Amino acid sequence: MLNLRPDEYEVIGETQWQIIESSGDEQTINIHGFKYSKLRATLLHTVCILLCGLPYFALAYYPSYNRFKYVKCSLKTAKEICVIDSDGGWTTEKVLEVDLNLSNHKDNRLRYFMFKHNRFIWLNDQGVFINVLALNEKLTIQLLMENMSGINKRQQNELIKLYGTNSVEVEVKSYWTLFVEEVFNPFYLFQVFSIILWSLDEYYQYATCVFLLSVATCMLALYQTKQMSINLHKMAGSTSAFTVTVLRPTRMGREECVVNASRLVPGDVLVLPPDGCVMPCDAMLLTGTCIVDESMLTGESVPVMKGPPCSSPEIYSTEGHKRHTLFAGTHVMQTRFYGNNQVLAKVVRTGFYTAKGELLKSILFPKPFGFQFYKDAVKFVIFMFCIAAIGMGYSIWLYVVRGSLIGTIVLRTLDIITIVVPPALPAAMTAGIVYSQNRLRKNRIFCVSPPRIVICGKLQVMCFDKTGTLTEDGLDFHSVIPLRSGEKFGECVVEVSSLPVTSPLIQALAFFIQGQLKGDPLDLKMFEFTQWILEEPGPENTRYDNLTPVIVKPATSANGSMQNLDDFDPFTMEIPYEIGLLRRFHFSSAQQSMGVITNVLGQPQMVYFVKGAPEKVAGMCNPETLPENFSSVLNEYTSNGFRVIGLAHKKLDRKMKWVDAQRVKRSNLECDMAFLGFLVMQNSLKPETTQVIRELHEASMRLIMVTGDNIMTAMSVARGCLMVQPHQKLVLITTGQPQTNDSRPPLCMEVVGEGAPPKLALDAYVLALEGKTWAVIRTHYPELMPVVLARGMVFGRFGPDQKTQLITALQGEDVVVGMCGDGANDCGALKAAHVGISLSEADASVAAPFTSQEQNIKCVKLLALEGRCALSTSFAIFKYMALYSLIQFFSILILYNFYSILGNNQFLYIDLVLTTLLALSLGRASPGPVLTRQSPPVSLVALSSILPLVIQVSLVLLMQIASIYLLYAQPWFKPVEGGPDVEQVLCWENTVLFIVTAFQYLIMACVYAKGWPFRQPFCTNYYMMITLVTQSVFVTVLLLCPWQWLADFMEVEAMSTADSEQTNASLSDCEKFSRLARVMRRRCDKTAEGEAARPLCVPSHLQLC
């Protein structure tokens, strides 16, 4: 589970760093040793004090910078560990020490540190830190089953020091603690800076409104965080609230002891009550059987049967042996025991290392995912800061040239930052995601990681499990195909009355019911077909032994008569025909089969029955018992979409007793068996499957089926639901035996139904292969992996680990991969996928970030629609907020040139009314009705995104400059008389730019409210329409005919004032013109009198003067 990288090299001296890789939680950390330095700490505090304490805020939000108080040292002597996780995050953790007295632990002093609820302990002999989970990674099943008496109290106390308490409690912080953490957030620090700046600039109204909104937002965030912590705390529960019964070794044997569940440690032996319980830890079943509801963890709605494993040297793992493991948080519905024996389970994991703890850790520390949109958003904000720096430089130059006061220069310069980088940007960005999450919740789709909704918008490859996902959960019985002779199958049987009750085939069908009439759908249908009765163990049916837990018998035997017994020996008729189950071997994905040891009442010989994949069962049977048409009949049914189960049996040695049956190895039983026949089940498609598959295909989404079922059945279902298109050829890749030990296994390809594949166009074929072929290609033909990943569509007989391998390999092709399953055996794949969807009745599952309570794949379509809507909405809001900042930025710089600024109420209206309402209304857009081939853009810095933005910014700036030039062209206009500290609000420059920019905000909102193809038309967004209409009317009133009180409140000039000024200017011009005309007439008259005697040739137009 853990690989210690330094062990690969020769350690010279004491190492100062180490890399720890954990395959359990897919976490890689890099640790460095540090120790406290008084000199460095003093220097750091001195610098912080000299800078008015500002660095303390950075240290609070970036704890990694606290490492400057330390100096590097060896890990052996380190007091602090600097942890760098796989995502580049830095954290410093204290090294704790405690006395430890364990026989298998060489050191009497335990050194460890905690990171994300994982405990890493120091091994002095190796000179490394390891995850404490690694101490038990080499334990074998045989070793775990040896000690069934548990541990004593002293060992328990010491192991608690080593492993910690069995607690997964989530801390619920006080409001004051949450408030302090929230205040140190850069967003709120920027808000505080802005409020202080506006207050110094006498923007009291705006500063007050922002302060009240910030307080309201902060309180809402605190409340939501508190409620989330409370919900997680309730989900985690408290192990200290109840007690459990454990075994303690004594001199006389062992005794039961009641302890608090929080004090359980690995090695404790639990005594499970008959009426069930909620598991407080992960434990391996030692004796007895349990029926467990695991829906809370895996999403598997069907209760599962758990039983003890066979004692073997195989290394135990909770995932590989989950059929023998009781997971923390699951509900043990019922326990069964043999005779007076108790149902025992050995604790293997506690605390946050349990399955329940892993679920909580996945919620508390969600796996980061690199998404281009968020990366580009950060780059764009940095770019906006650069623009702000240019604007700050220009404003400094402008005010210095004017000779303004230093205070005015500082205020106007810093004001540029609050304009270019709006404080409302983070809130506006999350609006679309929040609305999408609410809509998903109404559709019974729950999400534990809201940012992943945006990733759904770029879903390119979608993988599906088959049973319970594409097809119905339950199976319908179709027929039984018995073996009539040693050479061929007989006719299929659809009625149980045609089979003898004593037939081994009917006995095999009757015994694969999981202990009670609740369990695997396949087992239920098999048992219903037999029409037999299942009896619980009791005083009246313990003729075999006190150890027999379950009895099955024909329904007619309960009434005292039995049909179809013509061939039965009459001497045995005195004994009722009943069969007891002595031992059950549970189904496993690796073996693809399960078996039971049975005994007919009155018969001295036990019989072993097995069911499973036909190929696996055939491998267990004597070849002479296999019919000649085995493969042809199997292919006939599987190619038509039926699920085929192989059945076989074996009579055991007469000398075998019950004790021997409990100890015998499964491998000794599953050989030289006699084949019985096929059980054929029908697994019909869910009604929604075909339509959703068709719509996903039309959206150019690549679809893949990955299942543990037979490859022929999988291909048939893929054809039936149109996952494989009618025009596509399905090419099956199989593998054979290598000719020599050193040669690679050969690969064969054939077009299903046509034989050898001809040369096909790339888009005319898809590939199908089994899990063993996948393993061969990964190992021996890595050069073919790109082809398999590009053209593979049907993957059958895939184990849980192979499903995860497929998802990971597809992600390596740089595509967004989704996985949809029921969480039964595909938890790893669901967790590994970018978009994992678990079909479960629970609200949250350890299996996936998304959980759909609707048990069909319609949720995939809904998630894709909401994802595209959320992604396009996030793009629109981000661009709108960026344009809003630049519009205000340009208008402010232009006003600075004309000795003017925006008024307080104008800032208030633009920032808190107009743009905020428009941004929130943009987020209200609903998803489009259909999935289209076109997908939303994902990059903010792509040319297709940048070019329209540049054009829009250019037009915005051009219109603002043109409006000022047009204003200056008016004959009545009087510019503001400048001065070093003149900043006039009520002027025509201010009014014109305020009205123009207000219309620009409205127009840009209309531009980015475009609906098709990812959102509904913006006319259907009623919030948007109401906002646009009301704000447009308001701005138009301000432009044309504002009431005087409104004009005074908004600090704008009214158009009536402009009309009067223009009229006065016109009258003044007429008066000046008339005065000039009179003066010219007098001069002409005087000239005419003085020169009357002299004749002149005067032009006619001058004579008129």
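Glycine too: its Cβ is placed from the backbone N, Cα and C atoms.
Positions annotated as domain 'P5B-type ATPase N-terminal' by TrEMBL: 26-100. The domain 'Cation-transporting P-type ATPase N-terminal' feature in TrEMBL is assigned to 148-198. According to TrEMBL, the feature domain 'P-type ATPase A' maps to 254-362. Taken from TrEMBL, the feature transmembrane segment covers 43-62, 175-197, 203-223, 377-397, 409-435, 881-901, 907-926, 938-968, 988-1009, 1021-1045.
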Taking residues 6+ outside the transmembrane segment (907-926), which of them lie with a CB under 8 Å of any CB in it?
203, 205-206, 209-210, 213, 422, 424, 428, 431-432, 434-435, 439, 869, 873, 876-877, 880-881, 884, 888, 997-998, 1001-1002, 1005, 1008-1009, 1011, 1015-1016, 1018, 1020-1021, 1023-1024, 1027-1028, 1031, 1050
Within-chain partners of the transmembrane segment (988-1009) [C-beta distance under 8 Å, separation at least 6 from its ends]:
876-877, 879-880, 883-884, 887-888, 891, 894-895, 898, 900-903, 906, 910, 914-915, 918, 921-922, 925, 952, 956, 959-960, 963-964, 967, 973, 975-976, 1018, 1021, 1024, 1028, 1031-1032, 1035, 1038-1039, 1050-1053, 1058
Looking only at the domain 'P-type ATPase A' (254-362), how are its residues distributed among DSSP helix, strand and coil?
21 helix, 41 strand, 47 coil
Same-chain residues at least 6 beyond the ends of the transmembrane segment (409-435) with CB under 8 Å of its CB atoms are 187, 190-191, 194, 197-198, 200-201, 210, 217, 377, 381, 384-385, 387-388, 391-392, 395-396, 399-400, 450-451, 453-454, 869-870, 873-874, 877-878, 881, 884-886, 888-889, 892, 896, 911, 915-916, 919-920, 922-925
Using DSSP, what's the helix, strand and coil tally for the domain 'P5B-type ATPase N-terminal' (26-100)?
28 helix, 27 strand, 20 coil
When you scan the chain for residues with a C-beta under 8 Å from the transmembrane segment (203-223), skipping those not six or more beyond its ends, what do you find?
175, 178-179, 182-183, 188, 191, 194-195, 423, 427, 904-905, 907-908, 911-912
What residues elsewhere in the chain lie close to the transmembrane segment (938-968), defined as a C-beta under 8 angstroms and at least 6 residues from its ends?
371-373, 376-377, 379-380, 458, 871, 875, 878-879, 882-883, 886-887, 890-891, 894, 898, 975, 988-989, 992-993, 996-997, 1000, 1004, 1007
According to DSSP, how is the domain 'Cation-transporting P-type ATPase N-terminal' (148-198) divided among helix, strand and coil residues?
33 helix, 0 strand, 18 coil
